[in-house]
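This is the structure I want to talk about, given as structure tokens.
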Amino acid sequence: MVQSLHEFLEENINYLKENGLYNEIDTIEGANGPEIKINGKSYINLSSNNYLGLATNEDLKSAAKAAIDTHGVGAGAVRTINGTLDLHDELEETLAKFKGTEAAIAYQSGFNCNMAAISAVMNKNDAILSDELNHASIIDGCRLSKAKIIRVNHSDMDDLRAKAKEAVESGQYNKVMYITDGVFSMDGDVAKLPEIVEIAEEFGLLTYVDDAHGSGVMGKGAGTVKHFGLQDKIDFQIGTLSKAIGVVGGYVAGTKELIDWLKAQSRPFLFSTSLAPGDTKAITEAVKKLMASTELHDKLWDNAQYLKNGLSKLGYDTGESETPITPVIIGEEKTTQEFSKRLKDEGVYVKSIVFPTVPRGTGRVRNMPTAAHTKDMLDEAIAAYEKVGKEMNLI
């Protein structure tokens, strides 16, 4: 007899709960800033992607309100019919300047970017070399393309060179692409882009960097590709507009030829209503801020180093992070979730990250310090880590 939907859901939800893999979803009352309120209680927030504090920036709010007054609350259509507003053109021109490319295209989410761009260029006659720790949206985008997917050991340049050589010399594929995150979100390490470019040039690979956690953070704000000075060497620069930029959406930056192709062939662009006017104008304002000043970027890095130093002095394992992302690696899944709950009891909101997001036995809480945190907030968080860590015999 076939299984009912109820039986399937009950069995699998119970499994997740019994194995410490089920995450409860909290509702925030108000804005997602450095401090948040849940069920009437205030917490120091170390779990958002709001790196620069722009999600609550007054200038961005004013820009969004003004755009709503002039352009309405929605774009009204897909981009290819009559949903391309002058605001969208302004945004894409600004993004191209920001990333140092000829052109850019905006999408409704960062996830959409990878679903759109990969499948618009790669197909069943091609191969994609993909870092094993790439984001889920890259994995799904690769699957959608129907290209041969070849997993590459994480940031292992010897493995990349060997697999690139094998794929190219096999003669089986029309195109071969290498895809990597710019900054890996669970550990905070940075892709080895100079070595990747060298290998790509040796074997004629297309290069694709998803800089979701690098845009606004690396390269004085312009991203990981800019950090290494490789803007003219990377074919696809992908980024979100919801993390450091503080709003919503995503983009692809590259040559005009590439962007023209994506506007003609990428399905999320063709079949989904464009970004809302208020969001679009707020994003443009955010990007212009990053181009005009590094103040927020510098404050972010200062706060990140302060938190890392404090946690390391307590004896916590913060991994090999090269960015503001600061994991505290606990290990066992249930212990990790209990640790997160105990920190919450102490007024620090930092979510546990466990399998399948990270490998079994490497559960961690991931701290995301921002430019909006004060040193007093970070001191309070460090004190909570000390108290809970000692109570649980973790330090």
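Just so you know, glycine gets a Cβ as well, placed from its N, Cα and C.
Keep in mind that what you see is a predicted model, and the values were worked out from it rather than measured.
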Please pick, from Ser185, Ser266, Ser272, the residue that Swiss-Prot records in the pyridoxal 5'-phosphate site together with Gly110, Phe111, Asp210, Asp211, Ala212, His213, Thr240, Leu241, Ser242, Lys243.
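Looking at Ser185, Ser266, Ser272, the one Swiss-Prot places in the pyridoxal 5'-phosphate site next to Gly110, Phe111, Asp210, Asp211, Ala212, His213, Thr240, Leu241, Ser242, Lys243 is Ser185.
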Other than its own, how many Cβ atoms are within 10 Å of the Cβ belonging to Gly110 (pyridoxal 5'-phosphate binding site)?
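Within a 10 Å radius of the Cβ of Gly110 (pyridoxal 5'-phosphate binding site) lie 24 other Cβ atoms.
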Cβ distance under 8 Å to Leu241 (pyridoxal 5'-phosphate binding site), same chain, sequence separation 6 or more: which residues?
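Long-range Cβ contacts: Ala106, Gly110, Val247, Val248, Gly249, Gly250, Tyr251, Ile283, Ala286.
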Determine the minimum-neighbour residue: among His135, His213, Lys243, listed as binding-site residues, which Cβ has the fewest other Cβ atoms within 10 angstroms?
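Counting other Cβ atoms within 10 Å of each of the binding-site residues His135, His213, Lys243, the minimum falls on His135.
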In which DSSP state, out of helix, strand and coil, do we find Gly110 (pyridoxal 5'-phosphate binding site)?
helix
When the Cα-Cα distance from His135 (substrate binding site) is computed for each of the binding-site residues Ser185, Asp211, His213, Lys243, which gives the smallest value?
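Nearest candidate: Ser185.
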Specify the count of other C-beta atoms within 10 Å of the C-beta of Thr357 (substrate binding site).
16
Output the one of Ser185, Asp211 that, of all these binding-site residues, has the highest number of other Cβ atoms within 10 Å of its Cβ.
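The largest 10 Å Cβ neighbour count belongs to Asp211.
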